[in-house]
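Note sheet for the following structure.
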Amino acid sequence: MDIVKQRYHELFDLRVRGPRMKMADRLEHFTWAWFASAMGTGGIGMVTSLYHFRFYGLNTLGKIIFIFQLSILTLYICCITFRFIRYPGTLSKTWKNPSEVLFMPTALLAIATSISNLYPYAFPYTGEWMVWLIRILYWIFVAVACIFVISLFYSLFHAHPFRINTIIPALVLPIFPCMICGVIASAIVESQPARQAKNMVVAGIAFQGLGFWIYIIVYAVNMCRFFTVGLQPAADRPGMFILVSPPSFTGLTLLDLAFGAKAKRPYIFVGDNSSEYLEFVATFMALFMIGLGIFNFCLAFVSVVAGFCTRQRIKFKVSWFAMIFANVGLVMDVQELGRAIDSKAVCIVGQVCGVTITIVWIILILLTLRAVYVQELLYPGKDEDIDTILPNVLEYYRHLEEEEKDEAERSKRKAEESDGKTTRELTSGGL
């Protein structure tokens, strides 16, 4: 019961923390992590568009979610622009602060989900101009994503701010803008003429492969950190869900690109039936990789639940929305696999998971509104714009290091006592 009371005060208590500040002053602490909520909202719209079992009004619900996402994305762009103009120097500080710069890709990912949602929610109700708009937006996004990703990786390598004990799953985010180029292509390919569809299929596969291989490298580094240092503090563990998305989105992208290629152009590559071969290979690869996504989901879920059951202090973070987008990939992958292997059971599982992730999304929205009201977000020292790692996080790692040192000393003493005992036995035996 004590833990329940603690969690209530941390996540649901409506008492205001700290003296009231004007919203204009609080916007100095509006960080890139806020775009994770727009990214997650766009993901919910994408899930809604793929439901296998549909009912009257579901498409209207998807349109409402899409419009809501566009609204908050516009609001966030205005807020981050206001911060950079009103408080000079915060833009350069953002780029140099590893706690904040890792979430900069979420802004591009939020835009990417908006482009992806144009096909199910705008294309059927507009004219030929929407085909051109989708195509132009896609290739502009590809160019911007490539420039941004190279710049961000160079910046991180140049500053090298991380050590093995501060490695976090969010390190995979910098490659996401390139990887999401494949996801966008898979979502919009059927809106394009055959020749343009072929270009998108080729680019989508290439970018998805790039994202997946970089993910494998970062995933190995994270596993090394988990084995040697342990899990993160409880409040940061929802970020582990980020590791779910790359294998899931890779399977989803390959499947949807294959479906689009088959619908638009049977000879997408060389050969009369190359699209059918692509669909077979895509289904095989999606089945091959979905196990990794499910494993990462289960590991993250158990870690989060275990963290919530401890007495560690937990503070809501807007970056928790990243787990919505990550799990959206797994849900959509399951739904499209059900379509590929013609299994209603798999489609039902995917739909149930989609409803579940939508409920979690609503809960996170309520937690966000509450955190803004009580000044646990958009407040000095409470967001990702801090110059250093949070003191409680550093204390957590210091505690782990002290435990490791104590354990090493105990093991050393036991070994010395064992050696001394063996020596005495040998000496007495010789006498």
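Using N, Cα and C of the backbone, Cβ positions are placed for all residues, glycine too.
Among the features that Swiss-Prot reports, compositional bias 'Basic and acidic residues' is placed at 402-424.
Under the heading region 'Disordered', Swiss-Prot lists 402-431.
Long-range contacts of the transmembrane segment (30-50) within its own chain (CB-CB distance under 8 A, at least 6 residues past either end) are made by residues 58-59, 61-62, 65-66, 68-69, 72-73, 76, 79-80, 82-83, 94, 100-101, 103-104, 106-107, 109-110, 112-114, 116-117, 120-121, 187, 317-325, 328-329, 331-332, 335-336, 354, 357-358, 361, 364-365, 368, 378, 383-385. According to Swiss-Prot, the transmembrane segment annotation covers 30-50 (among others).
Annotated transmembrane segment per Swiss-Prot: 62-82 (among others), in sequence order, evidence recorded as sequence analysis.
As annotated by Swiss-Prot, transmembrane segment applies to 101-121 (among others), with the evidence given as sequence analysis.
Here Swiss-Prot flags 136-156 (among others) as transmembrane segment. Proximity of distant same-chain residues to the transmembrane segment (136-156), defined by a Cβ-Cβ separation under 8 Å and at least 6 residues beyond the stretch ends, is recorded for 95, 98, 101, 104-105, 108, 111-112, 115, 118, 162, 174-175, 177-178, 180-181, 184-185, 188, 200, 203, 207.
Taken from Swiss-Prot, the feature transmembrane segment covers 167-187 (among others).
Annotation source Swiss-Prot lists transmembrane segment at 201-221 (among others), citing sequence analysis.
Annotation comment: Swiss-Prot describes 239-259 (among others) as transmembrane segment.
Summarising the annotation, Swiss-Prot assigns transmembrane segment to 284-304 (among others) and lists sequence analysis as the type of evidence.
Annotation source Swiss-Prot lists transmembrane segment at 318-338 (among others), citing sequence analysis. Listed by sequence, the residues of this chain that lie at least six past the ends of the transmembrane segment (318-338) yet keep a Cβ under 8 A from its Cβ atoms are 33-34, 36-37, 39-44, 46-47, 50-52, 103, 106, 109, 113, 170, 173, 183, 238-239, 241-246, 248-249, 251-252, 255-256, 259, 283, 286-287, 290, 293-294, 297, 300, 344-351, 353-354, 357, 360-361, 364, 367-368, 371, 377, 384.
Residues annotated as transmembrane segment in Swiss-Prot, with sequence analysis given as evidence: 346-366 (among others).
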Long-range Cβ neighbours of the transmembrane segment (101-121) (under 8 Å; 6 or more residues past either end)
31-33, 35-36, 38-39, 41-43, 45-46, 49, 59, 62-63, 66, 69-70, 73, 76-77, 80, 94-95, 130, 133-134, 137-138, 141, 144-145, 148-149, 152, 155-156, 168, 170-171, 173-174, 176-177, 180-181, 183-184, 187-188, 190-191, 319, 322, 325, 384
List, by number or range, the same-chain residues at least 6 past the transmembrane segment (167-187) whose CB is under 8 A from its CB atoms?
46, 102-103, 105-106, 108-109, 112, 115-117, 119, 138, 141-142, 144-146, 148-149, 152-153, 156, 200-201, 203-212, 214-215, 218-219, 221-222, 224-225, 232, 236, 239-243, 245-246, 249-250, 252-257, 260, 319, 322, 329
Mark yes when the transmembrane segment (346-366) and the transmembrane segment (284-304) have three or more Cβ pairs under 8 Å (sequence separation 6 or more) and no when they do not.
no
Short question: which residues 6 or more past the ends of the transmembrane segment (201-221) have a Cβ under 8 Å from it?
142, 167, 171-172, 175-176, 178-186, 189, 243, 246-247, 249-250, 253-254, 257, 260-261, 268
